[in-house]
Amino acid sequence: MPTVGSLVYIMVELAIALLAILGNMLVCWAVWLNSNLQNVTNYFVVSLAAADIAVGVLAIPFAITISTGFCAACHGCLFIACFVLVLTQSSIFSLLAIAIDRYIAIRIPLRYNGLVTGTRAKGVIAVCWVLSFAIGLTPMLGWNNCHHWGEGENQSQGCGEGQVACLFEDVVPMNYMVYYNFFACVLVPLLLMLGVYLRIFLAARRQLKQMETQPLPGERARSTLQKEVHAAKSLAIIVGLFALCWLPLHIINCFTFFCPECPHAPLWLMYPAIILSHFNSVVNPFIYAYRIREFRHTFHKIIRSHILRRQEPFKAGGTSARALAAHGSDAEQVSLRLNGHPSGVCPNGSAPHPERRPNGYALGLVSRASARESPGDTGLPDVELLSHELHGASPESPGLEGPLAQDGAGVS
């Protein structure tokens, strides 16, 4: 008979699963609908959201099931126990890829579009998921406790022949969880991300100081770089929340492993730690909505148009939700980009390819200066203005003009 504590745990987990599914589906929906959000950085954001959706759909139900200690074949129980590790690892790799993407955008913006393409990003995402399955399912290859259960130990649990009481620590060895999963596959990537974001902020600070000595036109480049820093801060917050949510559970595992004579952590401590780790799958959409204007406006449009059924539809892959909210008419929706053309329209009238957008539109933080551009002006941009705006965005490349400068745009 489940205890009151177990019932509360199950109810909280189900609520988290529902929020994780709905919130992260909203993120994927926003990227699909809003062309301003269809950039390389957000490919990794969608991969992260997909992992969080899988936590709600699969990992949390698995965690609830395994908490009951039901009787099952050892390797079946082991797969259920390991699946959440796959999703955790995928989240970590996505966060690391985002950090590296933002580092390239700020440190070497003029090479960003050449180095970071949509095709390469999709390849990196595929590799990340393959590695996540390989790391998370490593216990299935033999690093497990199933051989112990072949010696009759399962009989004390009241399970039949060939079955075990399915509990996480009974099938997954703690040395795997501490040395391999935590130290090698969680802590090391988190430290790498800490180093990458530290270098991002130091590089941005150095460039901003250099801009202070430039004449007035450098203010546009300063604003551009500040938007990149704002995007980096938003993503660094997501990394910090990931660490905050997952470290308590890993710390408990370390105590269990390094102090076997100590009493095992009680359920009143284990349940909150497990819930906190799963709650991490809920928080990211709120960070996007709070910190990133383009996501916030798109979420608002989706809720109004598709959920509340108010008549404000917008085209997938076309103009942005922000432009629709501002103008309300397909003929007037302009949401200009740095190339001087309306959102969703190339000079030849074709739809744009997402991977060719300037790196400055990572996460959809659109420059207010470009948003105020005249709707009727669909001609070529003012090359001199672009040159001044981008002057000083990178210490390695002062004084670039025209098309070259456009590739290095640093708006975020």
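Glycine too: its Cβ is placed from the backbone N, Cα and C atoms.
Keep in mind that this is a model prediction, so the values were computed, not measured.
Copied over from Swiss-Prot:
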CARBOHYD  Asn154  N-linked glycosylation site
REGION    368-412  region 'Disordered'
TOPO_DOM  1-7  topological domain 'Extracellular'
TOPO_DOM  33-42  topological domain 'Cytoplasmic'
TOPO_DOM  67-77  topological domain 'Extracellular'
TOPO_DOM  101-120  topological domain 'Cytoplasmic'
TOPO_DOM  144-173  topological domain 'Extracellular'
TOPO_DOM  199-234  topological domain 'Cytoplasmic'
TOPO_DOM  259-266  topological domain 'Extracellular'
TOPO_DOM  291-412  topological domain 'Cytoplasmic'
TRANSMEM  8-32  transmembrane segment
TRANSMEM  43-66  transmembrane segment
TRANSMEM  78-100  transmembrane segment
TRANSMEM  121-143  transmembrane segment
TRANSMEM  174-198  transmembrane segment
TRANSMEM  235-258  transmembrane segment
TRANSMEM  267-290  transmembrane segment
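Against the transmembrane segment (267-290), stretch 8-32 has more CB pairs under 8 A than any other of 8-32, 43-66, 121-143. Away from its own ends, the transmembrane segment (43-66) comes close to residues 9-10, 13-14, 16-21, 23-25, 27-28, 31, 77, 80-81, 83-84, 87, 90-91, 94-95, 97-98, 101, 118, 121-122, 124-125, 128-129, 166-168, 274, 278, 280-282, 284-285, 288, 363 of its chain (Cβ-Cβ under 8 Å, at least six residues beyond either end). Among 8-32, 78-100, 121-143, 235-258, 235-258 has the largest number of CB pairs under 8 A with the transmembrane segment (174-198). Within the same chain, residues 67-68, 267-268, 271 sit at least 6 positions outside the topological domain 'Extracellular' (1-7) and bring their C-beta atoms closer than 8 Å to a C-beta of that stretch. Taken residue by residue, the topological domain 'Extracellular' (67-77) breaks down under DSSP into 5 helix, 3 strand, 3 coil.
When DSSP labels each residue, the topological domain 'Cytoplasmic' (199-234) comes out as 30 helix, 0 strand, 6 coil, counted as helix, strand and coil in that order.
Confidence across the topological domain 'Cytoplasmic' (33-42), taken as the mean pLDDT and rounded to a whole number, stands at 94.
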